[in-house]
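One structure is given below, encoded as C-alpha cells.
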Amino acid sequence: MAIQKEEREQEAQRVAAVRASIKKRIGELGEIADERQSELTAIGRAFWDDISVNADNADDIIETAASMAQQEHVLIGQKRSLSVAQDALRKLQRVVDSPYFARIDFIEQGEKQPEKIYIGLTSFIDPKTDEILIYDWRAPIASVFYDYPPGPATYRTPEMDVSGELLLKRQYIIKAGALQDVFDTGISIGDEMLQQMLSRSADERMQSIVTTIQREQNQIIRDDQHKVLVVQGAAGSGKTSVALQRIAYLLYKYRTRLSAENMILFSPNSLFSDYVSNVLPELGEANMQQTTFQDYLAHKLSGTGLAIEDPYDQLEFILAGTEQGQDHAAYEARMQGIRYKASAAFLQVIEAYGEKLKTRGIRFSDFAVGKKVLITAEQLSERFYSKASTQPIGDRMEHLSDWILEQLEEIQADVEKRFYRKMVREPKYIGTEPEMKRMSKSKAHKAIEPLKERARSIAYVDALGMYRDLFSDTSLHHELAQSAGEELPAVWETIRAFTVEVLDQGTILYEDATPLVYLKGLVEGQLRIGTIRYCVVDEAQDYSPFHYAYLKKLFPRARFTLLGDWNQGIFTHANASAGTSGGAGQPGEYASISELMKEDETKTIRLVKSYRSTREITEFACQVLPHGEPIEPFSRSGEPPRLTRAADETELSRLIAAAVQKRRDGGASSVAILCKTERETERAHALLGPLLPGLQRIHKQTQHYEAGVMIMPAYLAKGLEFDAVILYDAGAAVYAESRERKLFYTACTRAQHHLDLFYLGELTPFLMRK
Ligand SMILES: Nc1ncnc2c1ncn2[C@@H]1O[C@H](COP(=O)(O)OP(=O)(O)OP(=O)(O)O)[C@@H](O)[C@H]1O
C-alpha cells in the first residue's frame, strides 16, 4: 500500500536523523575503543616493567607476584571493556547504512497512546534521551510484526503475555543511508518485498531472511518450550534459513548464559557449511560449531586406526545398483544389512548388549611392549568385574584406567632401573651417572607413554571385537534380540555372513560405523558432551533412528531442532524405521523420532509453502512425488521447465553447453549441472569441460562454495540452490528405480528460476503423467 508524500517525507527525515545519531555514536564508540586500547597497551607495558624491575631483587618476589595478580585482574577487566566497545561499534557499523526495515504501531491494552516500534538488525538507544530508536528483530515486541496483520495482537515476554492492537505495519527499503521505498503491508509480510527478495539472482552465499520471516517460520524461530522441535518442510520452505535465524534468536534471548560454543549444527557436507557460514555473522552473531556426522564418527574412531566408509560412497553403492556388473546376491546382502543396522530393532539389540556387558563379556586386550605382555586381558576383566555391577560402567572404567596407570607407573620405574643397569654394564655408554639416569628415565618414559595413552583413552577395550561377536555369534544376537522383545531379521544369515566377512577385511562400512561407535560409547561410558545445549540437525531425513539415539546420548543436556523433508530422503538407512524405502514420505515417520528421543516435549511443525523456486518449477517437481507432502508454491512465475531429448552423448553435451551459455547470458550467476552419480559426473565433466571453460567440478571434499558454472552429483547439491539447474540425463536408463525418485526430486528442487532437463533415449517414468 503506497503512503502519502508528506508521510514519506517524514519517514525519510527520520531515517536521516537516526542515521546521524548512529554515526555520532559510532564516532564516540571509536574514541572509547581507542582510549581503552591505549590504556590496555599502557597497562601491559607497565606490567612487564614491574616484573623486570622487581624480579631483579629476590626480596621483591612475593610483592611482585601480588602486584602481577592484581594487574592481571585489571588487564582482564580492561580487555573485556575494550571488546564490549568494539562489539557495539561493529554492530552499529553494520547497520548504519540500513538502520531498520520495519515499523509497527502498537497500542497496548489499557494504554491511550500507541507506540511506534522501529525494527532492525540490532537495537539502538539514543544515549542522550534513552529513547529506543530501533528494536532488535528478536525483541519480544518485534514478533508482532511477523505474526499479525493489523488488528488484535499479542506478544509474549518472559513475564507475561501482552495484548493490544496492531494499528500499522510498515516496511522500508533503506540503502546507503537513504530511504528508497516505504509501504504498508496487510496480511502477511509484504508479498511485494518477498517477491523482490526471491526474484534476485542466487548469491554467492545464503542470505538472512529477517526482513521477511513468515508467520509459520517465526513460530519455529522463537519456540523455546519444546525439548525436541521437528520441522517437516517442503523443499525450499526455508528450513535452513529458519534454523540459522533460530540460532541467532536463541543467542540473543539467552545471551547471558548461552554462547556460540553451546550450539552445534549438523550439516550434510563441508560445501554446505561454507554456503551458510555468513548468515550468523551477517546477523551480528558468532558462528556456532558446525560439523558433519561423518566427521564426528571419524573423530570418535580416531586413534583406533580404523577408517570408516564415507556416507557418499555408501550412496554411490546403492545408486549403482546391480547395473555395473555387481553381484546381485552381494548387493542385496548389503542392502538388507543397511536397513537392519539403521533400525530401531538393532538399536534395542545394542542397548541389550550394553546391559549384558555390565555383568560380563567386555572384551579387553592385553597391554604389551613388543611381545612382552605387561597386563593381561584377563587381569583387566577380573579387575573390572570385581566392582559392583550397580556402579555405572563409566565409573568402573575410570577406576580401571587409574589402576592401569598406577601399574604402568611401577612398570616404568622398573624399566627405568633396568635401562640404567644395562647402561652401567655396557661399556659403550660413557656418560656421567646423572646423564645415564636422565637417559634411562627418558627411554623408559618413551617406552611406556604410548601404553599410558592407551589407558587414558580406554583403547584397551576391544569394541570392534565385541561388535563382530554380535554377528559371528548367532545365539548371542538371538538372545539379545529376545531380551529386547525383538526378532532376528528374516534375512539374518545373509546379514551375518556379509558383516563378518567385511569386518574381517578390516573395513568399517558406513552402516556399521554408528552402531560401532555407539557400542564403544556404552562400554567406555564416555558418551556425553555436556556443554552442548542446542543441537540443530539440518537435512534430518538423512539420519537413521540409530543416529538420533546416538545424538541424544551424546548431548544429554541439549534441546534438539531437527529440520528435514522426507521427500528428499536419499539414504536408504534413513527410511528404515518406517520401512518405506524409496517411497514417498509418510507422516508416521515423525512418531518414531519423538519415541527415539524419549521426549514428551516434542513438537512437530510443518512448513508447506515453498519459497525457492518459481511456481512452474515447484509444480513440475511435485509430479515426481505424487504421494509426497503437499507443497504450496509461492506465487512467483517464471518459464516452465524445458525437456529436451538428445540423439547421442555428443549432441547432449552440445545442447547442455548451449543451455548453460543461454542462462549465463540471461544473467544467472550460478548454474549447476546435476548428475546422478560420481561416475556420471566424471564422464559428463570430461565431455563438457572442453565446451565450458571454467566449469567447476564439485567433489565430496570440496570445501568452498563459489558461484559460477558447476557440475556435481545431485546428492552433493543438497541444501544448496542455483539460479539455473540443468539435469544432465533425465532418461529412463538413469532414473527409473523407486530409490532414485527422491534424488531426482531433490535435483529438480534446487532450481530457483530455471530448470532444463536433457535426456537420452526414453524419458524417466517419474515424469510420465498418470
Ligand atoms: N521468509 C523468507 N523470506 C525470504 N526468503 C526466504 C524466506 N524463506 C525462505 N526463503 C528463501 O527460500 C530459499 C530456500 O530456503 P532454504 O534453503 O532455507 O529452504 P530449505 O527448506 O532448507 O530447502 P531444502 O530442504 O530444499 O534444501 C532460500 O533462498 C531462502 O532465502
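From the backbone N, Cα and C atoms, a Cβ is placed for every residue, glycine too.
Here is what TrEMBL records for this protein:
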- GLY233, ALA234, ALA235, GLY236, SER237, GLY238, LYS239, THR240: ATP binding site (BINDING)
- 212-614: domain 'UvrD-like helicase ATP-binding' (DOMAIN)
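Under a cutoff of 8 A between CB atoms, and with a sequence separation of 6+ in the same chain, the neighbours of SER237 (ATP binding site) are ASP565, LEU607, VAL608, LYS609, SER610, TYR611, ILE631. In this view, GLY236 (ATP binding site) is surrounded by 27 other Cβ atoms within 10 Å of its Cβ, with every protein chain counted. The number of other Cβ atoms within 10 Å of the Cβ belonging to LYS239 (ATP binding site), over all protein chains shown, comes to 25. The average pLDDT for the domain 'UvrD-like helicase ATP-binding' (212-614) in the predicted structure is 85. Same-chain neighbours of the ATP site beyond GLY233, ALA234, ALA235, GLY236, SER237, GLY238, LYS239, THR240, judged by a C-beta within 8 angstroms of the site's C-beta center, are, in sequence order, ASP565, LEU607, SER610, TYR611, ARG612.
Shown in sequence order, ASP565, ASN567, GLN568, SER610, ARG612, SER613, ALA621, ILE631, TYR745, THR746, THR749 are the residues of the chain, 6+ apart in sequence, with a C-beta less than 8 angstroms from the C-beta of ALA235 (ATP binding site). The 10 Å shell around the Cβ of GLY238 (ATP binding site) contains 25 further Cβ atoms across the protein chains shown.
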